[in-house]
Amino acid sequence: MESIAVWQGATLCGIVLWIIVASYLDVTRKLRSFLQPWVAQHVTTDTPLILQIQNYQHRFLDAFFAGLSCVVSVPFYTAFLPLLFWSGHGKLARQITLLMAFCDYMGNCIKDVVSAPRPSCPPVRRITATKDEEDNALEYGLPSSHTLNTVCLSGYLLHYILSYTQNEDSHVKFAGFALVCLLVGLIGLGRIYLGMHSVVDVIGGLAIGLVILRFWLSVHEYVDNFIVLGQNVTYFWAALSFILLFAYPTPEFPTPSFEYHTAFNGVALGIVSGVQQTYHQFHHEAVPRVFTSQLTIPGFMGRMLVGIPTILIVKFCSKALAKWILPVLANTLGISIKSTTYIASLKGSSNGKKSDGLKQSGYVQKLFFFSSQDSFDVDTGIRFLQYAGLAWSVVDLVPSLFTHLSL
(Lines of atoms letter the chains of each structure in order from A and count residues from 1; the text may use other names and numbers.)
(Lines give C-alpha, C1' and ligand atoms only; values in the text may rest on other atoms or scores of the structure.)
Protein backbone atom coordinates (compact mmCIF):
# COMPACT_ATOMS: atom_id res chain seq x y z
CA MET A 1 0.00 0.00 0.00
CA GLU A 2 2.83 2.39 0.90
CA SER A 3 4.76 1.60 -2.29
CA ILE A 4 1.64 2.31 -4.39
CA ALA A 5 1.16 5.67 -2.70
CA VAL A 6 4.84 6.47 -3.21
CA TRP A 7 4.87 5.86 -6.97
CA GLN A 8 1.57 7.67 -7.42
CA GLY A 9 2.86 10.66 -5.49
CA ALA A 10 6.19 10.56 -7.32
CA THR A 11 4.39 10.55 -10.70
CA LEU A 12 2.27 13.57 -9.83
CA CYS A 13 5.20 15.45 -8.31
CA GLY A 14 7.31 14.66 -11.38
CA ILE A 15 4.71 16.20 -13.69
CA VAL A 16 4.38 19.31 -11.49
CA LEU A 17 8.18 19.63 -11.43
CA TRP A 18 8.25 19.40 -15.23
CA ILE A 19 5.62 22.16 -15.47
CA ILE A 20 7.72 24.44 -13.27
CA VAL A 21 11.02 23.67 -15.00
CA ALA A 22 9.52 23.96 -18.50
CA SER A 23 8.01 27.32 -17.64
CA TYR A 24 11.20 28.63 -16.02
CA LEU A 25 13.36 27.54 -18.96
CA ASP A 26 10.77 28.69 -21.53
CA VAL A 27 10.94 25.28 -23.22
CA THR A 28 7.95 25.85 -25.51
CA ARG A 29 9.31 29.04 -27.04
CA LYS A 30 12.76 27.56 -27.57
CA LEU A 31 11.41 24.43 -29.25
CA ARG A 32 9.13 26.54 -31.43
CA SER A 33 11.95 28.80 -32.58
CA PHE A 34 13.87 25.70 -33.66
CA LEU A 35 11.04 23.66 -35.25
CA GLN A 36 8.56 26.18 -36.63
CA PRO A 37 10.74 27.65 -39.44
CA TRP A 38 11.68 24.17 -40.68
CA VAL A 39 8.07 22.93 -40.72
CA ALA A 40 6.74 26.17 -42.26
CA GLN A 41 9.31 25.90 -45.05
CA HIS A 42 8.18 22.35 -45.83
CA VAL A 43 4.52 23.43 -45.79
CA THR A 44 5.35 26.06 -48.41
CA THR A 45 7.45 23.60 -50.40
CA ASP A 46 4.59 21.06 -50.36
CA THR A 47 2.08 23.51 -51.87
CA PRO A 48 2.77 22.61 -55.56
CA LEU A 49 2.24 18.91 -54.75
CA ILE A 50 -1.03 19.71 -52.96
CA LEU A 51 -2.23 21.71 -55.97
CA GLN A 52 -1.24 18.85 -58.26
CA ILE A 53 -3.30 16.42 -56.19
CA GLN A 54 -6.23 18.84 -56.17
CA ASN A 55 -6.13 19.00 -59.99
CA TYR A 56 -8.03 15.69 -59.82
CA GLN A 57 -10.93 17.52 -58.16
CA HIS A 58 -14.27 15.77 -58.54
CA ARG A 59 -17.52 15.92 -56.60
CA PHE A 60 -17.26 12.22 -55.81
CA LEU A 61 -13.74 12.63 -54.36
CA ASP A 62 -14.88 15.69 -52.39
CA ALA A 63 -17.73 13.72 -50.81
CA PHE A 64 -15.65 10.55 -50.33
CA PHE A 65 -12.71 12.16 -48.53
CA ALA A 66 -14.95 14.52 -46.53
CA GLY A 67 -17.08 11.59 -45.40
CA LEU A 68 -14.03 9.48 -44.59
CA SER A 69 -12.61 12.32 -42.47
CA CYS A 70 -15.89 12.50 -40.53
CA VAL A 71 -15.85 8.74 -39.88
CA VAL A 72 -12.40 8.92 -38.26
CA SER A 73 -12.99 12.23 -36.48
CA VAL A 74 -13.00 12.65 -32.69
CA PRO A 75 -16.77 13.45 -32.54
CA PHE A 76 -17.55 10.20 -34.38
CA TYR A 77 -15.38 8.15 -32.03
CA THR A 78 -16.92 9.94 -29.05
CA ALA A 79 -20.43 9.04 -30.22
CA PHE A 80 -19.38 5.45 -30.96
CA LEU A 81 -17.65 4.71 -27.64
CA PRO A 82 -20.80 4.54 -25.45
CA LEU A 83 -22.22 1.91 -27.79
CA LEU A 84 -19.00 -0.07 -27.47
CA PHE A 85 -19.28 -0.03 -23.67
CA TRP A 86 -22.93 -1.11 -23.79
CA SER A 87 -22.17 -3.90 -26.29
CA GLY A 88 -20.24 -5.77 -23.59
CA HIS A 89 -16.71 -5.08 -24.91
CA GLY A 90 -15.73 -3.03 -21.90
CA LYS A 91 -11.99 -3.64 -22.04
CA LEU A 92 -11.76 -2.58 -25.68
CA ALA A 93 -13.94 0.48 -25.00
CA ARG A 94 -11.94 1.76 -22.04
CA GLN A 95 -8.62 1.12 -23.80
CA ILE A 96 -9.80 2.97 -26.93
CA THR A 97 -11.04 5.85 -24.74
CA LEU A 98 -7.76 6.22 -22.88
CA LEU A 99 -5.74 5.81 -26.06
CA MET A 100 -7.80 8.55 -27.73
CA ALA A 101 -7.27 10.85 -24.74
CA PHE A 102 -3.53 10.17 -24.89
CA CYS A 103 -3.40 10.74 -28.66
CA ASP A 104 -5.43 13.92 -28.32
CA TYR A 105 -3.12 15.25 -25.60
CA MET A 106 0.14 14.38 -27.36
CA GLY A 107 -1.01 15.48 -30.81
CA ASN A 108 -2.43 18.79 -29.64
CA CYS A 109 0.59 19.51 -27.45
CA ILE A 110 2.86 19.08 -30.46
CA LYS A 111 0.56 21.21 -32.61
CA ASP A 112 0.67 24.08 -30.13
CA VAL A 113 4.37 23.76 -29.38
CA VAL A 114 5.35 23.94 -33.05
CA SER A 115 2.49 26.29 -34.05
CA ALA A 116 3.12 25.55 -37.72
CA PRO A 117 0.67 26.85 -40.34
CA ARG A 118 -1.66 24.76 -42.48
CA PRO A 119 -1.38 25.06 -46.28
CA SER A 120 -2.18 28.59 -47.41
CA CYS A 121 -5.73 29.01 -48.72
CA PRO A 122 -5.67 30.30 -51.45
CA PRO A 123 -3.96 29.01 -53.56
CA VAL A 124 -4.84 25.69 -51.92
CA ARG A 125 -8.56 24.81 -52.03
CA ARG A 126 -9.81 23.92 -48.54
CA ILE A 127 -12.98 21.84 -48.14
CA THR A 128 -14.69 21.99 -44.74
CA ALA A 129 -17.91 20.04 -45.09
CA THR A 130 -18.88 20.15 -41.39
CA LYS A 131 -18.67 22.50 -38.42
CA ASP A 132 -16.13 20.13 -36.90
CA GLU A 133 -13.88 20.51 -39.93
CA GLU A 134 -14.20 24.29 -39.73
CA ASP A 135 -13.03 24.12 -36.12
CA ASN A 136 -10.19 21.78 -37.09
CA ALA A 137 -9.03 24.33 -39.65
CA LEU A 138 -8.47 26.81 -36.80
CA GLU A 139 -5.85 24.53 -35.25
CA TYR A 140 -2.22 24.41 -36.27
CA GLY A 141 -1.07 21.86 -38.84
CA LEU A 142 1.70 19.52 -37.65
CA PRO A 143 0.89 16.73 -36.93
CA SER A 144 -2.26 15.62 -38.76
CA SER A 145 -4.55 14.50 -35.92
CA HIS A 146 -6.71 12.42 -38.28
CA THR A 147 -3.66 10.48 -39.47
CA LEU A 148 -2.25 10.08 -35.95
CA ASN A 149 -5.56 8.91 -34.48
CA THR A 150 -6.23 6.51 -37.37
CA VAL A 151 -2.82 4.87 -36.99
CA CYS A 152 -3.28 4.40 -33.24
CA LEU A 153 -6.93 3.38 -33.09
CA SER A 154 -7.03 1.12 -36.16
CA GLY A 155 -3.72 -0.44 -35.14
CA TYR A 156 -4.93 -1.11 -31.61
CA LEU A 157 -8.26 -2.44 -32.89
CA LEU A 158 -6.43 -4.91 -35.13
CA HIS A 159 -4.27 -5.99 -32.19
CA TYR A 160 -7.35 -6.48 -30.00
CA ILE A 161 -9.27 -8.49 -32.61
CA LEU A 162 -6.33 -10.80 -33.26
CA SER A 163 -5.76 -11.28 -29.53
CA TYR A 164 -9.45 -11.73 -28.72
CA THR A 165 -10.01 -14.31 -31.46
CA GLN A 166 -6.57 -15.87 -30.88
CA ASN A 167 -6.20 -16.12 -34.64
CA GLU A 168 -2.72 -17.21 -35.72
CA ASP A 169 -3.46 -17.46 -39.44
CA SER A 170 -0.79 -15.44 -41.25
CA HIS A 171 -3.18 -14.69 -44.13
CA VAL A 172 -5.72 -13.15 -41.74
CA LYS A 173 -3.00 -11.07 -40.07
CA PHE A 174 -1.73 -9.86 -43.44
CA ALA A 175 -5.25 -8.98 -44.59
CA GLY A 176 -5.90 -7.03 -41.38
CA PHE A 177 -2.58 -5.20 -41.66
CA ALA A 178 -3.29 -4.37 -45.32
CA LEU A 179 -6.73 -2.95 -44.42
CA VAL A 180 -5.19 -0.76 -41.70
CA CYS A 181 -2.52 0.49 -44.11
CA LEU A 182 -5.16 1.20 -46.76
CA LEU A 183 -7.28 3.17 -44.29
CA VAL A 184 -4.32 5.18 -43.03
CA GLY A 185 -3.20 5.88 -46.61
CA LEU A 186 -6.65 7.07 -47.66
CA ILE A 187 -6.96 9.30 -44.59
CA GLY A 188 -3.56 10.86 -45.23
CA LEU A 189 -4.28 11.39 -48.92
CA GLY A 190 -7.72 12.78 -48.06
CA ARG A 191 -6.33 15.35 -45.64
CA ILE A 192 -4.02 16.61 -48.40
CA TYR A 193 -6.75 16.52 -51.06
CA LEU A 194 -9.12 18.50 -48.80
CA GLY A 195 -6.43 21.15 -48.29
CA MET A 196 -6.40 20.58 -44.52
CA HIS A 197 -2.80 19.41 -44.28
CA SER A 198 0.50 19.41 -46.11
CA VAL A 199 2.60 16.31 -46.75
CA VAL A 200 4.89 17.05 -43.80
CA ASP A 201 1.84 17.18 -41.48
CA VAL A 202 0.65 13.76 -42.63
CA ILE A 203 4.13 12.19 -42.39
CA GLY A 204 4.49 13.71 -38.92
CA GLY A 205 1.11 12.28 -37.87
CA LEU A 206 2.08 8.87 -39.21
CA ALA A 207 5.44 8.82 -37.42
CA ILE A 208 4.10 10.10 -34.10
CA GLY A 209 1.13 7.73 -34.32
CA LEU A 210 3.42 4.72 -34.78
CA VAL A 211 5.50 5.76 -31.76
CA ILE A 212 2.40 6.23 -29.58
CA LEU A 213 0.89 2.93 -30.75
CA ARG A 214 4.09 1.04 -29.98
CA PHE A 215 4.25 2.63 -26.54
CA TRP A 216 0.58 1.91 -25.81
CA LEU A 217 0.87 -1.74 -26.80
CA SER A 218 3.66 -2.10 -24.26
CA VAL A 219 1.73 -0.55 -21.34
CA HIS A 220 -1.99 -1.09 -22.03
CA GLU A 221 -2.29 -4.23 -19.89
CA TYR A 222 -0.62 -2.50 -16.93
CA VAL A 223 -2.90 0.52 -17.34
CA ASP A 224 -6.01 -1.66 -17.52
CA ASN A 225 -5.02 -3.73 -14.50
CA PHE A 226 -4.42 -0.55 -12.54
CA ILE A 227 -7.84 0.85 -13.45
CA VAL A 228 -9.85 -2.25 -12.59
CA LEU A 229 -7.81 -3.62 -9.67
CA GLY A 230 -5.61 -0.78 -8.43
CA GLN A 231 -5.79 1.24 -5.23
CA ASN A 232 -6.41 4.98 -4.91
CA VAL A 233 -7.31 4.94 -8.61
CA THR A 234 -10.02 7.63 -8.59
CA TYR A 235 -8.05 10.01 -6.37
CA PHE A 236 -4.88 9.53 -8.40
CA TRP A 237 -6.62 9.99 -11.74
CA ALA A 238 -8.50 13.06 -10.53
CA ALA A 239 -5.23 14.65 -9.43
CA LEU A 240 -3.55 13.64 -12.70
CA SER A 241 -6.41 15.08 -14.76
CA PHE A 242 -6.26 18.35 -12.85
CA ILE A 243 -2.50 18.67 -13.34
CA LEU A 244 -2.75 17.82 -17.05
CA LEU A 245 -5.01 20.85 -17.50
CA PHE A 246 -1.93 22.91 -16.70
CA ALA A 247 0.73 20.71 -18.31
CA TYR A 248 -0.13 22.10 -21.70
CA PRO A 249 1.99 24.40 -23.88
CA THR A 250 1.06 27.94 -24.80
CA PRO A 251 0.46 28.22 -28.57
CA GLU A 252 1.64 31.20 -30.57
CA PHE A 253 -2.03 32.21 -30.88
CA PRO A 254 -5.00 30.57 -29.08
CA THR A 255 -6.65 27.67 -30.92
CA PRO A 256 -9.42 25.14 -30.10
CA SER A 257 -6.82 22.44 -29.34
CA PHE A 258 -6.81 23.09 -25.60
CA GLU A 259 -10.61 22.82 -25.52
CA TYR A 260 -10.43 19.37 -27.13
CA HIS A 261 -7.79 18.29 -24.62
CA THR A 262 -9.92 19.55 -21.73
CA ALA A 263 -12.96 17.63 -22.96
CA PHE A 264 -11.14 14.33 -23.43
CA ASN A 265 -9.29 14.78 -20.17
CA GLY A 266 -12.69 14.95 -18.49
CA VAL A 267 -13.92 11.91 -20.45
CA ALA A 268 -10.92 9.87 -19.29
CA LEU A 269 -11.55 10.80 -15.64
CA GLY A 270 -15.24 9.92 -15.89
CA ILE A 271 -14.53 6.55 -17.51
CA VAL A 272 -11.76 5.60 -15.09
CA SER A 273 -13.67 6.58 -11.95
CA GLY A 274 -16.87 4.89 -13.14
CA VAL A 275 -15.23 1.65 -14.26
CA GLN A 276 -13.09 1.42 -11.13
CA GLN A 277 -16.17 1.62 -8.90
CA THR A 278 -18.44 -0.70 -10.91
CA TYR A 279 -16.04 -3.11 -12.62
CA HIS A 280 -17.30 -6.24 -10.86
CA GLN A 281 -20.93 -5.29 -11.51
CA PHE A 282 -20.95 -4.12 -15.13
CA HIS A 283 -17.52 -4.31 -16.81
CA HIS A 284 -15.93 -7.67 -16.03
CA GLU A 285 -15.06 -10.09 -18.81
CA ALA A 286 -18.15 -12.29 -18.28
CA VAL A 287 -20.75 -9.59 -19.03
CA PRO A 288 -23.26 -10.30 -21.85
CA ARG A 289 -22.00 -9.30 -25.29
CA VAL A 290 -23.94 -8.25 -28.33
CA PHE A 291 -24.71 -10.88 -31.00
CA THR A 292 -25.04 -13.58 -28.31
CA SER A 293 -28.13 -15.16 -26.78
CA GLN A 294 -27.54 -13.10 -23.61
CA LEU A 295 -27.61 -9.77 -25.49
CA THR A 296 -29.64 -9.94 -28.68
CA ILE A 297 -29.97 -7.18 -31.28
CA PRO A 298 -33.39 -6.05 -29.92
CA GLY A 299 -31.90 -5.95 -26.43
CA PHE A 300 -28.97 -3.85 -27.62
CA MET A 301 -31.36 -1.49 -29.42
CA GLY A 302 -33.27 -1.14 -26.15
CA ARG A 303 -30.02 -0.20 -24.42
CA MET A 304 -29.41 2.50 -27.03
CA LEU A 305 -32.93 3.91 -26.62
CA VAL A 306 -32.44 4.16 -22.86
CA GLY A 307 -28.75 5.07 -22.76
CA ILE A 308 -28.41 7.84 -25.35
CA PRO A 309 -31.12 10.16 -23.93
CA THR A 310 -29.79 9.51 -20.41
CA ILE A 311 -26.22 10.56 -21.15
CA LEU A 312 -27.44 13.64 -23.02
CA ILE A 313 -29.51 14.65 -19.98
CA VAL A 314 -26.51 14.06 -17.70
CA LYS A 315 -24.30 16.16 -20.00
CA PHE A 316 -26.79 19.03 -19.83
CA CYS A 317 -27.17 18.76 -16.05
CA SER A 318 -23.41 18.51 -15.49
CA LYS A 319 -22.84 21.66 -17.51
CA ALA A 320 -25.60 23.56 -15.68
CA LEU A 321 -24.31 22.42 -12.29
CA ALA A 322 -20.72 23.36 -13.14
CA LYS A 323 -21.83 26.79 -14.39
CA TRP A 324 -23.45 27.39 -11.01
CA ILE A 325 -20.85 25.84 -8.68
CA LEU A 326 -17.53 26.98 -10.18
CA PRO A 327 -18.20 30.75 -10.10
CA VAL A 328 -19.41 30.47 -6.49
CA LEU A 329 -16.33 28.43 -5.55
CA ALA A 330 -14.00 30.87 -7.32
CA ASN A 331 -15.58 33.85 -5.55
CA THR A 332 -15.31 32.06 -2.22
CA LEU A 333 -11.60 31.42 -2.79
CA GLY A 334 -11.02 34.94 -4.09
CA ILE A 335 -10.00 33.79 -7.58
CA SER A 336 -10.83 36.21 -10.40
CA ILE A 337 -12.56 34.48 -13.31
CA LYS A 338 -13.95 35.22 -16.74
CA SER A 339 -15.89 33.27 -19.34
CA THR A 340 -15.41 33.31 -23.10
CA THR A 341 -18.44 31.18 -23.96
CA TYR A 342 -20.62 29.71 -21.25
CA ILE A 343 -21.52 32.49 -18.77
CA ALA A 344 -22.76 35.68 -20.41
CA SER A 345 -22.32 37.83 -17.30
CA LEU A 346 -18.61 36.95 -17.15
CA LYS A 347 -17.76 37.33 -20.83
CA GLY A 348 -14.72 39.52 -21.31
CA SER A 349 -14.63 40.32 -17.61
CA SER A 350 -12.92 39.39 -14.40
CA ASN A 351 -15.76 39.06 -11.91
CA GLY A 352 -17.41 42.01 -13.55
CA LYS A 353 -14.17 43.91 -14.33
CA LYS A 354 -12.44 44.07 -17.69
CA SER A 355 -9.43 41.80 -18.07
CA ASP A 356 -6.97 41.07 -20.82
CA GLY A 357 -5.91 37.65 -19.48
CA LEU A 358 -5.39 34.94 -22.06
CA LYS A 359 -7.51 31.81 -22.13
CA GLN A 360 -4.40 29.67 -22.63
CA SER A 361 -1.80 31.08 -20.27
CA GLY A 362 1.45 29.17 -19.89
CA TYR A 363 2.61 26.16 -17.97
CA VAL A 364 3.01 27.79 -14.57
CA GLN A 365 0.76 30.74 -15.33
CA LYS A 366 -2.20 28.36 -15.42
CA LEU A 367 -1.52 27.27 -11.85
CA PHE A 368 -3.30 29.89 -9.79
CA PHE A 369 -0.78 29.67 -6.99
CA PHE A 370 2.00 30.72 -9.39
CA SER A 371 0.00 32.94 -11.69
CA SER A 372 0.41 36.59 -12.55
CA GLN A 373 -2.81 36.54 -14.58
CA ASP A 374 -5.66 38.86 -13.70
CA SER A 375 -8.30 36.17 -14.28
CA PHE A 376 -8.90 32.57 -15.28
CA ASP A 377 -11.32 31.20 -17.82
CA VAL A 378 -13.98 29.28 -15.92
CA ASP A 379 -15.03 27.61 -19.21
CA THR A 380 -12.12 25.18 -18.82
CA GLY A 381 -13.52 23.82 -15.55
CA ILE A 382 -17.07 23.76 -16.88
CA ARG A 383 -16.07 21.82 -19.98
CA PHE A 384 -13.97 19.40 -17.93
CA LEU A 385 -16.76 18.61 -15.45
CA GLN A 386 -19.38 18.43 -18.19
CA TYR A 387 -17.55 15.69 -20.07
CA ALA A 388 -16.46 13.91 -16.89
CA GLY A 389 -20.12 13.66 -15.88
CA LEU A 390 -21.14 12.44 -19.31
CA ALA A 391 -18.45 9.72 -19.34
CA TRP A 392 -19.30 8.61 -15.79
CA SER A 393 -22.94 8.17 -16.79
CA VAL A 394 -21.91 5.93 -19.72
CA VAL A 395 -20.16 3.38 -17.46
CA ASP A 396 -21.99 3.75 -14.15
CA LEU A 397 -25.45 5.34 -14.26
CA VAL A 398 -26.65 3.87 -17.57
CA PRO A 399 -25.52 0.27 -16.82
CA SER A 400 -27.40 0.57 -13.51
CA LEU A 401 -30.52 1.48 -15.48
CA PHE A 402 -29.93 -1.52 -17.76
CA THR A 403 -29.88 -3.78 -14.69
CA HIS A 404 -33.11 -2.35 -13.28
CA LEU A 405 -34.80 -2.62 -16.69
CA SER A 406 -33.37 -6.11 -17.36
CA LEU A 407 -31.70 -4.95 -20.59
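Just so you know, glycine gets a Cβ as well, placed from its N, Cα and C.
Summarising the annotation, TrEMBL assigns domain 'Phosphatidic acid phosphatase type 2/haloperoxidase' to 93-217. Confidence in the domain 'Phosphatidic acid phosphatase type 2/haloperoxidase' (93-217), given as mean pLDDT, stands at 90.
The annotation transmembrane segment is assigned in TrEMBL to 6-25 (among others).
The annotation transmembrane segment is assigned in TrEMBL to 63-85 (among others).
Feature annotation from TrEMBL assigns transmembrane segment to 146-162 (among others). Only residues 6 or more beyond the boundaries of the transmembrane segment (146-162), in the same chain, are considered here, and those with a CB under 8 A from a CB of the stretch are 69, 72-74, 77, 92, 95-96, 99-100, 103-104, 107, 172-173, 176-177, 179-180, 183-184, 187-188, 190-191, 196-197, 201-202, 205-206, 208-210, 212-213, 216-217, 220.
Annotation source TrEMBL lists transmembrane segment at 174-193 (among others). When Cβ-Cβ distances below 8 Å are used as the criterion, the transmembrane segment (174-193) is approached by residues 49-50, 53-54, 56, 61, 64-66, 68-69, 72, 144, 146-147, 150-151, 154-155, 158, 161-162, 199, 201-202, 205-206 of the same chain, each at least six residues removed from its ends.
TrEMBL lists 199-217 (among others) with the feature transmembrane segment.
Under the heading transmembrane segment, TrEMBL lists 226-248 (among others). Note on the transmembrane segment (226-248): residues 1, 4-5, 8, 11-12, 15-16, 18-19, 94, 105, 108-109, 112, 258, 261-262, 265-266, 268-269, 272-273, 275-277, 279, 283, 360, 363-364, 366-367, 380, 384, 388 of its chain, located 6 or more positions outside it, place their CB under 8 angstroms from a CB of the stretch.
Annotated transmembrane segment per TrEMBL: 295-314 (among others), in sequence order. Long-range contacts of the transmembrane segment (295-314) within the same chain: residues 82-83, 86-88, 288-289, 389-390, 392-394, 397-398, 401-402, 405, 407, each at least 6 residues beyond the stretch ends and with a Cβ under 8 Å from a Cβ of the stretch.
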Secondary structure content of the domain 'Phosphatidic acid phosphatase type 2/haloperoxidase' (93-217), with strand meaning DSSP E or B: 92 helix, 0 strand, 33 coil
